[in-house]
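S.K.: Here you go, one structure.
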Amino acid sequence: MEILMASSNLIKQLQERGLVAQVTDEDALAERLAQGPIALYCGFDPTADSLHLGHLVPLLCLKRFQQAGHKPVALVGGATGLIGDPSFKAAERKLNTEETVQEWVAKIRKQVAPFLDFDCGENSAIAANNYDWFGSMNVLTFLRDIGKHFSVNQMINKEAVKQRLNRDDQGISFTEFSYNLLQGYDFACLNKLHGVALQIGGSDQWGNITSGIDLTRRLHQNQVFGLTVPLITKADGTKFGKTEGGAVWLDPKKTSPYKFYQFWINTADADVYRFLKFFTFMDIEEINALEEEDKNSGKAPRAQYVLAEQVTRLVHGEEGLIAAKRITESLFNGSLGELSEADFEQLAQDGVPMIELEKGTDLMQALVDAELQPSRGQARKTIASNAVTINGEKQSDPEYIFNDEDRLFGRYTLLRRGKKNYCLICWK
């Protein structure tokens, strides 16, 4: 695995991985990194109760910088989360209550923590919350000390805002328009508090980052830098990080480790080697060798399994990975003996389609209710043709009624038609 130690080459190494979309004054930043460790930050606004896959690249970028000896600051936006970032958003965000946002702040801080080392000496990570400096600031201070440094002419010409201003059906409120000032002040504040010299974020944050650079120069006469990572796209043009069920979350209660693992297993061949560069710490040579091996093997590529394993371990730890692989193996082989009650809970959460049934239901009706067959008549034929299994065991009796032995842990039965059509029955 690649540990990015040579700070002067760090930007080039990130570029080789495709992880740099834009950077301000690249030569000066490279020179500053060559002089020794810096502090850098990335902000995470609590717009939900969990981070999602879109946050993973900048979060891992913080980790890459820390591995190279720099000091990462993870800023959770307890204040900015109350306002909402308008950047490239088609419509105004819904405002959440202060209580809700503070709950989300606590959850996101907890989620960020395992990715960074908060106890490693001089480059130990710092967790910050911008509510600490905005919560007690009054409007006059905001307008006099921050607002006077921002030109409205420049603000309305920023691409992220311009798109909203040009839409007839959606303008932009003063609340969202002021977001740029808040994020800009975050940079200036962190520069003063912790000597932060670099902000990283998604490429949609470029306008906010450059505002922070300008404000820091005006308030503190310090040169600071910005670097954006690309917004991840898929080769087929569809949005990355979404499934039919919505976003892929980092919280295991919202997206189970099993479903998370499956998301990566289903990565297209056209994307997988690029994603290995974005989402893992494998070195480039190792990834290129794997690509070459897959091309020449004549078999199904191994890259998806490597990617799924690496990223699931990063996000859910060894235990989450082992559970995800165990469930995958059991479903593939139809042998459920290895599954724990917690594994079934993962499947019930979002692993496979699920229905609740009353005890006494027969097999034909279960197949219809589970939408594995359109009618009892069709279900009868399918059962008789030996195409149905209950908990991995074939059942060919159309009149079969489920019994207590079928209810694993007193609650779960896995019904399968053919090789790939599953439904988990949860008994009432």
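From the backbone N, Cα and C atoms, a Cβ is placed for every residue, glycine too.
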S.K.: According to Swiss-Prot, which listed range is motif ''HIGH' region': 46-55, 96-105, 356-365?
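M.R.: Range annotated as motif ''HIGH' region' by Swiss-Prot: 46-55.
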S.K.: May I ask you to indicate which of 204-208, 239-243, 334-338, 389-393 is given in Swiss-Prot as motif ''KMSKS' region'?
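M.R.: That would be 239-243, per the motif ''KMSKS' region' entry in Swiss-Prot.
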S.K.: List the Cα distance (Å, whole number) between TYR179 (L-tyrosine binding site) and LYS242 (ATP binding site).
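M.R.: Here the two Cα atoms lie 27 Å apart.
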S.K.: How big is the Cα-to-Cα gap, in Å, between LYS242 (ATP binding site) and GLN183 (L-tyrosine binding site)?
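M.R.: Their Cα atoms are separated by 27 Å.
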S.K.: Of all the binding-site residues given, TYR41, TYR179, GLN183, LYS242, which has the fewest Cβ neighbours within 10 Å once its own Cβ is left out?
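M.R.: With the binding-site residues TYR41, TYR179, GLN183, LYS242, fewest surrounding Cβ atoms within 10 Å: LYS242.
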S.K.: Would you mind pulling the longest C-alpha to C-alpha span across TYR41, TYR179, GLN183, which the record has binding L-tyrosine, in angstrom?
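M.R.: Greatest Cα-Cα span of the listed binding residues: 18 Å.
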